[in-house]
Every structure is written in C-alpha cells, then in structure tokens.
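Chemist: The feature active site is assigned by Swiss-Prot to Asp123, Asp141, with sequence analysis given as support. Marked as transmembrane segment by Swiss-Prot on the basis of sequence analysis: 12-32, 70-90, 102-122, 137-157.
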Amino acid sequence: MSQSICSTGLRWLWLVVVVLIIDLGSKYLILQNFALGDTVPLFPSLNLHYARNYGAAFSFLADSGGWQRWFFAGIAIGISVTLVVMMYRSKATQKLNNIAYALIIGGALGNLFDRLWHGFVVDMIDFYVGDWHFATFNLADTAICVGAALIVLEGFLPSKAKKQ
C-alpha cells in the first residue's frame, strides 16, 4: 500500500532545496567576485578565501590524477539515494533524523554539482586562530557536518524524543 509523501520523511525535501540554493548561491558569488586565492577578512578569525578543492574533506586525494572526481561523485550519489530511501521509510514526524538527512543530501548535491560542473569544489570559508588555519570549506560542508552531528545527537536522546 502506498503512503502519502507528506506522511513520510520526504516531506522534508524542501530543506534540500534551501541548502542547495544557499550553497550554490554563495559559490556563485565567490566565482563572480573573487580570483583564485583572493582573501577578504570578515571578522577576527574568519575570512572569505576562494580555494579550489579537487579532493574530499581536507583535500583528501586532491593530487590523485583526476579519478577521485568520479569516485567522490559516485559516493555523493550513493549517499543521497540511500538517504532519500531512508526518508521515504521514516515518518514525517521524525523531524531530527529527516532534517539531518536533508542537510546531508543538500550538502552532498551542492558539492556534487561543483565536481561535475567545474571539476573541483569551490571552498570559501577560512577559519583561523593566529597563524593556524583550519581547512577551507563551504556551506555544503557545513550542512553535511551539521546533519551528521544531528544523527549522532539523535543516538543519545531518550527513545521518546526520537519518536517526535
């Protein structure tokens, strides 16, 4: 028996669209207004800095000859499809999990678009303390990390809170 999409976690797919719009919009603004390597200070310890990432998080496999572009694209597609299926199988009232899944899907698709369109991921957020700089990242990465943190948080909540 089929169920209404609004009664499933797919009801939260609108959040994927929001993440994509914000992520791709921010990357578009960077590409239109920055040359590669340009930096603009925003606040103490936070810069906008245009960088290209040919690998994964922390530029993992960035210098691997190009095959990693397709490898990470495949991972993004696989994870996104898996999470959409999980959203379909969950109730719309399971907000925390569905929000987490939507954030991860939105971030994965934002970076997937970059990999397929540009051949690299556009990064622009440079957090630093003194001379130490964290790896440059983007809003898609942030959405993925927040989504993953919500999944971990959900694991620590009492079962009554999980059902809501």
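Using the three backbone atoms N, Cα and C, a Cβ is placed for every residue, glycine included.
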Chemist: Tell me, how many other CB atoms lie within 10 A of the CB of Asp123 (active site), whichever protein chain they belong to?
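Modeler: Around Asp123 (active site), other Cβ atoms within 10 Å: 23.
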Chemist: Where Asp123 (active site) and Asp141 (active site) are concerned, what is their Cα separation in Å, rounded?
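Modeler: Cα-Cα distance, Asp123 (active site) to Asp141 (active site): 9 Å.
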Chemist: Please report the number of other Cβ atoms within 10 Å of the Cβ of Asp141 (active site).
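Modeler: Other Cβ atoms found within 10 Å: 21.
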